[in-house]
Each structure stands twice: as C-alpha cells, then as structure tokens.
Amino acid sequence: MKFENILAEVNGFGRFQIRTMFLLVFARMTLPFHFLLNNLITAIPGHHCDISALDDTHGAFTNVSVAQKLKATIPAREDGHPSSCEMFAEVQYNFLLNFTNVSNSATVPCPNGWVYDKTTFQSTLATEWDLVCDNIRLNKAIVTIFFTGVTLGSVVFGYLSDRFGRKKMLLLSYIVSTTFGFASAYSNHFAAFAVMRFFTGCGLAGISIITIVLCVEWVDIKHRTLMTVLMSLDWSLGVMILPLIGHFVTDWRGLIIATTSPLFVAMICWWWVPESARWLLSNGKVHSAHYYLSMCTKVNHREEFMAKIKPEVLTNVVLVEDENRKYSYVDLVRTPRMRRLTLFTGVVWFGLASSYYGISLNIEGFGVNIHLTQFIYGVIEIPSKLMVLVAVERVGRRFCQSGTLSLTGLCIFINMFIPKVRTALGALGKMFSEGAFTCVFLFTTELYPTVLRQNGLGYCSFLARTGVAVAPMILLLEEFWVHFPSIIFCVLGFIAGTLAAFLPETRNTRLPETIEDVEQNRKRSICTLDGNLSS
C-alpha cells in the first residue's frame, strides 16, 4: 500500500487540505510584502543640496523665491532640474537676473545635507540616513543583504525541516521573521538595520519553502497542480495589496511594521496546522502519522476508514530506508541519478531567478507612479498562473517549465532589437517568468524524494537567491556594452529551459519517498478514477 492509497481513502483534496492552505495564507502573504518591500523602503525621492543656511548669510535672498535660490546656488542638469549631488562653491548672484544658470563655476558636494521631495514618500532609507550620491551604494546593498539572508535561510531551514519536521521549523521561521522584522523597523543605525534585514530574510526563506512542501505532501496526485497554483495566488494577492499599504503608509518604519504584522495571525493559525504525515511515516513516526491522518479523516468525514487502519499497518505504507538515518545535503549528490537531478534543478532555479529579476530591475515603468506600477505587475501575474494551471496538465510539468523559461529568454532577446516595445516585452517576459516560478515549485517538490524534499528545495532556493543577488551585478555590465546584460539573461533563460526539458516528467505520478525510488527510476503510480493506485 502506498501513501497515495491512504490519501485517496481520506480524500486527498477535502476540507482538511483546503483548511490547511488557508491557515498558511497570512504567512505566505508576508513573502511578497517583504521581497518587494525593498522597492519602496529603498526608493530615492527627488533631492538636492540643502541651501537653507544661505538664508541667514546672504541678504540678497530675502525676497527671492525658492526657485530663484536654487537657480543661483545649484547647477542644473540636462533636464533642467537642480543637480542632486552638488552645488556651486559660491553663490551665482548673476543668475538671479538671467534666464539660465549654465556656468563653468566650481562646484562642491552638498556640505549641509539634502532636501528631499516628500510627495510620494514621507521617509525612506535614503532620506533617513542620506544614502544618496556617494552613499547610494549602501542603499542598493540592502537588497543584496536581505536576499543573502534568504539564501542562507533556504539552506538552514531546508535541512532543519527534513531533520526535525515541517511544523516545528515553520513556527521557528515565524518567530525569526517577526522578531527581526520588528527589530529592523526600530533600528536607529544603518548597520543594525542591515543585520536585522539579513535575519528577517533568513526567517522568510523558511516560510517560503516549508509551506509549499507541507501543503503538497497532504494533497493527492490529481489535485497537486491545483493546490500549487492556488497557493501561488497569495503571492499575486500580496503584490497587489503591498502598493495599497504603501500608498497610505509612507514612512519606512511604519511600512515594515504593517507588512510584518500578519505573522502574528499566522502564529495563531499555526496551532491548527498539521505536521506532514508523509514526513512522519518516512521517519518512522507511525503513531504521530496515525494521529494526523485521523484528524484528516474527521475533518473530511471519512472516519470509517481510519477505524480499520491501526498504527502498525502504517509501517508498510512507505518503504523507510532507515528510520534512524539522518539525511543531509550530501545525500543530494551521493548517488548518480540524484546528482543529475540536483545539477539540473539547481541550474533551472538559478537561471529562472536571475532572468526574472533581470527583467524586473531593467525594464522601464508604465509611466505611472510606483504604487500603481506595482499593482499592475500583480495583476499581470494572474493570467500567467492560469496559463500554468492548464499547461501542466495538458503538456506536462517538464515542457511547461522548459517552455516558460525559453519564452522568457526569447522576450529578452527580442527586446534588444525592438526597444520601442520595451515595456510590453518586459511585462510579457515577467508574465512568462512568473509562470515558470509557479511551475518550478510544483515540479521540484514532485522530483525530490520525501526524505530529501526540504533539503532539495532548500538547495534550489539557495541557488535562486544567489541568482537574485547576481542579477544587479550583471546589470552593471551595461557600462561596457548596452546589450551585455540582456545577452546574459537571455542565455541563462535558454540554458535553464533546455535542462528542464531533460528532467523526468512527474504528471500523474506518485511522489518518490526514498532515494531508492529516484535511483531505480521505477514507474511511479498513476491515479485511477476509483482512487486506487497501481504500483
């Protein structure tokens, strides 16, 4: 008897599974909140040198407008706006009479700080610690620091959840994310804030990889695709809600508090979140597995089935290689087929993440404010998820993954030759890459065996976040050749798409439980109409 037989009897997509998914919604919505929060808290509003001190030293400015003061003290850029990082060494009084301030006069860096435009943002990291001009790299570094934390968290929580269980580590990730999230909001020094954001990223990585695996392991074969797509919709919902929060909360501290607060609700919901019965069985914890399966049958109104199943019977459900054995990342490369799987999925995740963020960081906006642009990006994601929902069942996981990645690379390639449709191609490329992300979570959880599923997803997430961190560096190559970054992202997309085509198809197959299942490449079972499974 296979675990899918059990799921078929207890209803593999009933009220219990749907309830579990909703219990995780508040936690999962904090992921897009924080992952995209950097676009808001690191925003650099318009700014120029602070010239308020000149009011007390130059009597000629007594009855002069602010625009005239700026004209006489700050050189203009090519677009006519005041320079952001320098001012004249001496006040150019002659500009008060002329219509231009074009001058060869010496300039100096802003000696008294900056004045910021507060039309959109009341405060950001840039305005809080003057992270502009010579210090602008520190502002950009926050994104890298945060995703470095996500990278580390993916590895740590991937290992810990396979070692100690999904539910315990999920609570730990909640606590870490909440604690350091609020600590970052109350940081008074940039260095302290950077450290807090790093550990916030670590905790959020745990939420990301544990929640998706926990839900997939409770769902039967027939409904795995639907569950994965439904769970991915909370990301799109979060993307659309974030700009609404940002519109009303314009202070960066308040914004972090607002986007972290849902985790308190998530911690309350955690009490009703079940442990993965599949993981419990794979680790020889049959009595605990029996308890959660009984809970599932009670919620799904299938109590009569568990009345016939005793804990002793469950020992034969999953072939446990060694219930006392502790698995680690080394097991991902110990055997030939696992090595191949690890290599290919790692490249797919790296190529997908780097090209996705390459598009996101390199396309121009829609000509509207940042909040509306962010909302439009969230809306764009909905069609991509619906596309994946149909494609993975019609053409399979493998070709859906390969196709969306290749189309992402194609959009980047065409963009190099038709810049006039840059925004449209960018939006289209983002739609395909978002579809690839939706597919890759489902595909990856189905490829790795239960005993290594969290380790595998943690490893893949690690390479994905590495790709995110590398993307801004690739964009810097634009200084050498304008198309250099696009070529790299395009090649990465095509390479990832090509390797995805060589991964095994997992449509309508049972999840592998052990390393032996992967190595023997046994024909995994296909669900029949009456709910039975053939071996």
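One is the number of the first residue shown, and numbering goes on along the chain from there.
Glycine too: its Cβ is placed from the backbone N, Cα and C atoms.
Remember, predicted model here, so these are calculated numbers, not experimental data.
Residues annotated as transmembrane segment in TrEMBL: 21-41 (among others). Residues 121, 124-125, 142-143, 146, 150, 170, 174, 177, 181, 200-201, 204, 207-208, 211, 214-215, 227, 230-231, 234-239, 241-242, 245-246, 252, 255-256, 259-260, 262-263, 265-266, 269-270, 272-273, 370, 374 of the same chain, all 6+ positions outside the transmembrane segment (21-41), place their C-beta atoms under 8 angstroms from a C-beta of that stretch.
Across the residues of the domain 'Major facilitator superfamily (MFS) profile' (87-508), the predicted structure has a mean pLDDT of 83. What TrEMBL records for 87-508 is domain 'Major facilitator superfamily (MFS) profile'.
Within the same chain, residues 34-35, 38, 41-42, 125, 169, 172-173, 193-194, 197-206, 208-210, 328-329, 454-459, 461-462, 464-466, 468-469, 472 sit at least 6 positions outside the transmembrane segment (141-160) and bring their C-beta atoms closer than 8 Å to a C-beta of that stretch. What TrEMBL records for 141-160 (among others) is transmembrane segment.
Within the same chain, residues 27, 30, 34, 153, 157, 160-161, 193, 196-197, 199-200, 202-207, 210-211, 214, 253-254, 256-257, 259-260, 263-264, 266-267, 270, 273 sit at least 6 positions outside the transmembrane segment (169-186) and bring their C-beta atoms closer than 8 Å to a C-beta of that stretch. Feature annotation from TrEMBL assigns transmembrane segment to 169-186 (among others).
What TrEMBL lists as transmembrane segment is 198-219 (among others). Within the same chain, residues 7, 12-13, 16-17, 20-21, 24, 27-28, 30-31, 34-35, 145-154, 156-158, 161, 166-167, 169-170, 172-181, 184, 227-228, 231, 273-274, 276-279, 296, 441-442, 445-446, 450, 453-454, 457-458, 461, 465, 511 sit at least 6 positions outside the transmembrane segment (198-219) and bring their C-beta atoms closer than 8 Å to a C-beta of that stretch.
Taken from TrEMBL, the feature transmembrane segment applies to 226-246 (among others). Residues of the same chain lying 6 or more positions beyond the ends of the transmembrane segment (226-246) and with a Cβ under 8 Å from any Cβ of it are 13, 17, 21, 24-25, 28-33, 36-37, 40, 211-212, 215-216, 219, 255, 258-259, 370-375, 377-379, 381-382, 385-386, 388-389, 437-438, 441-442, 445.
Distant neighbours of the transmembrane segment (252-273): 19-20, 23-24, 26-27, 29-30, 33-34, 37, 40-41, 121, 123-125, 128, 167, 170-171, 174-175, 177-178, 181-182, 184-186, 214, 242, 245-246; these residues of the same chain sit at least 6 beyond its ends, with a Cβ under 8 Å from one of its Cβ atoms. As annotated by TrEMBL, transmembrane segment applies to 252-273 (among others).
Under the heading transmembrane segment, TrEMBL lists 341-359 (among others). Proximity of distant same-chain residues to the transmembrane segment (341-359), defined by a Cβ-Cβ separation under 8 Å and at least 6 residues beyond the stretch ends, is recorded for 332-333, 401, 405, 408-409, 411-412, 426, 429-430, 433-434, 436-437, 440, 444, 447-448, 456, 459-461, 463-468, 470-472, 474-475, 485, 488-490, 492-493, 495-497, 499-500, 502-503, 518.
Long-range contacts of the transmembrane segment (371-392) within the same chain, counting only residues at least 6 positions beyond its ends with a Cβ under 8 Å from a Cβ of the stretch, are 36, 39, 120, 225-226, 229, 232-233, 235-240, 242-244, 246-247, 365, 400, 403-404, 427, 430-432, 434-435, 438-439, 442, 507. TrEMBL lists 371-392 (among others) with the feature transmembrane segment.
Positions annotated as transmembrane segment by TrEMBL: 399-418 (among others).
The transmembrane segment annotation in TrEMBL covers 424-444 (among others). Within the chain, the transmembrane segment (424-444) has long-range Cβ neighbours (under 8 A, six or more residues past its boundaries) at 212, 216, 224-225, 228-229, 232, 345, 348-349, 352, 355-356, 359-360, 362-364, 377, 380-381, 383-385, 387-388, 391-392, 397-398, 400-401, 404-405, 407-408, 411-412, 414-415, 418, 456-457, 460, 500, 503, 506.
If you look up TrEMBL, you'll see 456-477 (among others) marked as transmembrane segment. Through the fold, the transmembrane segment (456-477) approaches residues 140, 143-144, 147-148, 150-151, 154-159, 161, 205, 208-209, 212-213, 329, 332, 341-342, 345-354, 357-358, 361-362, 440, 444-445, 447-448, 484-485, 488-489, 492 of its own chain, all at least 6 residues removed from its boundaries and within a Cβ separation under 8 Å.
Sequence annotations record features per position, and here TrEMBL assigns transmembrane segment to 483-503 (among others).
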